[in-house]
Structure formats: structure tokens, C-alpha cells
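Copied over from TrEMBL:
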DOMAIN    B:124-416  domain 'NADH:quinone oxidoreductase/Mrp antiporter transmembrane'
TRANSMEM  B:6-25  transmembrane segment
TRANSMEM  B:32-52  transmembrane segment
TRANSMEM  B:72-94  transmembrane segment
TRANSMEM  B:106-123  transmembrane segment
TRANSMEM  B:159-178  transmembrane segment
TRANSMEM  B:203-225  transmembrane segment
TRANSMEM  B:237-260  transmembrane segment
TRANSMEM  B:272-291  transmembrane segment
TRANSMEM  B:298-320  transmembrane segment
TRANSMEM  B:326-348  transmembrane segment
TRANSMEM  B:360-383  transmembrane segment
TRANSMEM  B:450-470  transmembrane segment
């Protein structure tokens, strides 16, 4: 089980590193997505129980997985997807206006 | 009991049914928008009157307590709900004559933004808070880019990167809280937060501080704000600067005070983070505002500085400091709303954004310039106005608690802001020989700021009435155990000041 937490930590740090060090808009978006996915993985791990079944409250199923993290994971995925869509839309608009995907060249606002 | 949920349903329904109204009854669109704005304002007032003595809980879908999602309103939440709906109503009426293109999209997004903010204020569930947080954020990103100019896209993208990373940090904090307590309900968390180990609590505090801090522009994390608030349409800037950043601040306070007891916060020295973070935010905001030559950018930096004042009030960590902070939240929301709206009128009329180009505009636009002048003097904190009262409460609270540097920096900050606002006012009233080219704009545009600026009068001359409400607001922040006892029928009610 511990190794999964390690995977989550590695993914999260990888995503953060990608976001902070790259200057390409698409790569920044990918980095944010990797961070988001690591949290979804963490949520799924949280509710997992060995040999647990779907959360149906009945006598014959004694071990069930925790349903709340799964609901949260679904919501987090939806939110992540909508943010990604909006970011990609803005990337298209920025590329049309500035003719570049390099964020260090997109700086008309300063001060 | 039932109006809590209607406060979220009405703006959501209005936003999405606007399409059909536009399709079948296009003439009624303006009336529909205004009446919905008025309806949520009245609903929030009736809610505030109900919750002022006794916080309320509403379980969605009649699920058993603790199983489903619940909405919880306490006096602070009720007060902020009234503030949100009041400013939104004024903004809606101002937008009717200000926004000319893409009206349908604009109002749908605006109603969704109101829904998101009301949801954040009224929620009683951590994950629900996260969902409404993201709704508010995503709508803000879109509205910042509403002008469809290159700089608007740039500002929106900047805001979005910082905003989505902060959202991920908050989600991580919420997951960590759930992992060690097994609940997401805020009232239950008051009791179960004892189970979180201290080390993990520190991590959660840092994640929340960075996550929400980058949303309300705590200073090293403020860089998106001046871009986003100055490139958005003026009506949206007024809402973003006036209300949205305060709602994020409220969310941070609510979660922090539920998870930590006051003694723990003091032991972790989080009050000093608020206090000196506030000082840095205030001085940086004012100094950077002094250097600006774009009017809306200056106002945006001034908003950062005002967040600094509010943070100092929170950092004092007693009832008086929090009262001052809440009073300043209300004052700043009203005044900055008026400032952004009048700045929008001036910029729209002169077609120029720089302060130097607006020289002598007061002779062309006497009413708007007069309202701008009054509001600028108000936000500086000159005596007859309402901001003076809140700044006075903040300063005395800081001095009584023995924090000399924050108290002095409040005074220094006010002096700096006086200097840059006076510069603008003098420029406005300088006579120029050549006339500025002016486009004629509808007269109703000035109605919104005029109406909102009239609310200075009750705020400034009858503060006792408002303080009556404000005095009850920090109660459940400082004694969260009462929050649990009342809502979940706990053993005893500890009394107002017991």
C-alpha cells in the first residue's frame, strides 16, 4: 500500500515541477493535469479496502469500499476536465493573438 | 429554513433560463434580470434576520444528518450573503447599460458567479466548498477574458494557472482532512479535528494558506490580481475586487477556525502570519499603486492593500479585531464597487485608460467625477466617511493587543493612499484648454454608482446598527464548539460570551 502513496507523491511533484519550469503553454497545462491526476489516485487509494465490494448496504456484503472518496474523485475529474478545456481554449486564443506558445514572450501586461 | 437553498437555486435557475427568456420574450430580459437580482437580495435579508441569533442547518435531499451534503449559515455567512447579493444587484443594473455585446453569455456567467459565491458562503461541507470554489474561479477566469482582447486573454491565462494550482492545493488539504477524520461536515469536524496529528495539521494549514492566499492576493501570491482586475470589464472588476476576493478570505477563515482551536492557532503563530502578512500586503499594495498610471490598475493595487488591512484585523485574533475586519470587508466592497464603476464610465467616455489622459474630465462629467472623488476620499479613510470607522476599529484593536508596527503601518498606508488618490483628484479638476473628445453614453449608467454611493450615508452615520450585526458575526469563528452544539443538538449551549 505504501508504494502507492509514493507514486502519488512522485506524480504530484513531477506535475508541479513541469508547471513551474516549462515556458510552453501546452506543457504547463499537462503539468497541472498530472497534479490533478495524482490527487484522483490518492482519493481512490483512500477509499480502497482489500476485497471490498461496491458500497451496497446489505447483510451479505460485510466489507465495502468507502463510497465518499469515489464520489469526490468523480467530481475532481469533472472539474479538472473543465479547467483543462478552458485552458486549451485560451491557449488557442493566445496563439492567434501573439503567434507564439512561449509564455516568456507573452507579456504585454507589466508594472 | 427553506430560504437557504433558494438562495442558491434562484440565481442558478435565472442564469440558465435566461436563454429561453431571450428566445421567447426578449423585451422582458432586463426586467427578468433585475427582478431576479432583487429577489435574491430580499431572500438574503430575510435569511440574515433568521440566523442572527441562531445558526441554521439545511440537509439537502432530506438525507440524515452527516450522510448527505448540508448547508450551514451563521451570522457571518448571512452578513456576507447580504453583501454579495446587494453588490450583485447594483452590478446587474449597471451592466444593463454598460455591456452592449454578448449580453446573453455575460448575464448567464454573472448569475453563475453569484451562485458560486453564495454557495461558498452558505456551505456546511468541505467538499461542497471546493466545488463552489471552483465554480467561482472558473467563471472568474472566463469573465476576465470577456473583452476578447489580447491582454485580457493573457491576464486570464495567468490567473488561471495560479488559480488551478491553488485549487489543487486546497483539494489536497481537503483529502488530508478527510483521511484523518472521516468526515467532511464542518460542524462535525469541530469535534473530530482532534484526531488529526499535529504535524499533519501544520501541513494542512500551509496548504490552505497558500491555496486560498493566492486567491485573495496575499502579497507574494498577488501577481495575477492587477492584470485580471484591470483588464476585465469594469462591472466585473467591481465584483471581483469588491466581493469575490473577500469570499475566498471567508472560506479560509471558516476552514481554519473549524479545524484549529484558537489556542492551537496561537501556538502555531498563525496569527503573526496574518498580522505581518497583512502589513506586507498593505505596504506593497500601496507602494505599487503609487507607481501606476493606468487608472484601473491603480484601483486593483489599492484592493490588494485593503486586503492587508483586513488581514491585520484578523491577525489581532480577538473579537474587536475581527469586527473591524468584517466592517472593513463591507466598506471596501461598497466603496471599491463605486470606484470601479465610475472609473469604467470615465474610461468609456474618454476612450483612454491612463490617468494623465483623463485630465480635466471633471468639467465634462461632473457627477461621475464627484462620486469618484467622494469614494476615493472614503477609501483613504478621512473622518466623516465609513472607512474611517473601520480603520479606527482596526487600529485601536491592534494597539490594545500590543501590536505597534501593524497599527503604525495602517496609518502610513493611509497616508500613501491619500497621496496617490489626491494626485488623481487634482488632475480631474485641473482646467484644460483643449476639450477631450467625448462619446455620448446612456445616462442610466451613472445610476448604479450613485445608488451604491448613497449607502455611504447609513454606513457612516449609523454604524451602531450595523455593528449590532457585526458583533455577533465572529462568535462562531472564535467558539466553533457552539457551532457544533447548536447545529447537531449537542449537550449545552455555552452562551454568547460565556
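Cβ coordinates come from backbone N, Cα and C, glycine included.
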Query - Recorded stretches the transmembrane segment (B:272-291) and the transmembrane segment (B:326-348) touching, at least 3 CB pairs under 8 Å - result: no
Query raised in the report: What parts of the chain pack near the transmembrane segment (B:159-178), using Cβ distances under 8 Å and only residues at least 6 beyond its ends?
Result: 126-127, 129-130, 133-134, 137, 140-141, 144, 184, 189, 193, 196, 200, 203-204, 207-208, 210-215, 221, 223-224, 227-228, 259
Query raised in the report: Taking 3+ C-beta pairs under 8 angstroms (sequence gap of 6 or more) as contact, is the transmembrane segment (B:450-470) in contact with the transmembrane segment (B:6-25)?
Result: no
Requested in this report: State the residues, same chain only, that lie 6 or more residues beyond the ends of the transmembrane segment (B:106-123) and have a CB under 8 A from a CB inside it; answer 'none' if no residue qualifies.
Outcome: 4, 7-8, 11-12, 14-16, 18-19, 33, 36, 40, 44, 71-73, 77, 80-81, 84-85, 88, 91-92, 95, 99, 129, 131-133, 135-136, 139-140, 142-143, 146, 186, 236, 239, 243-244, 247-248, 250-251
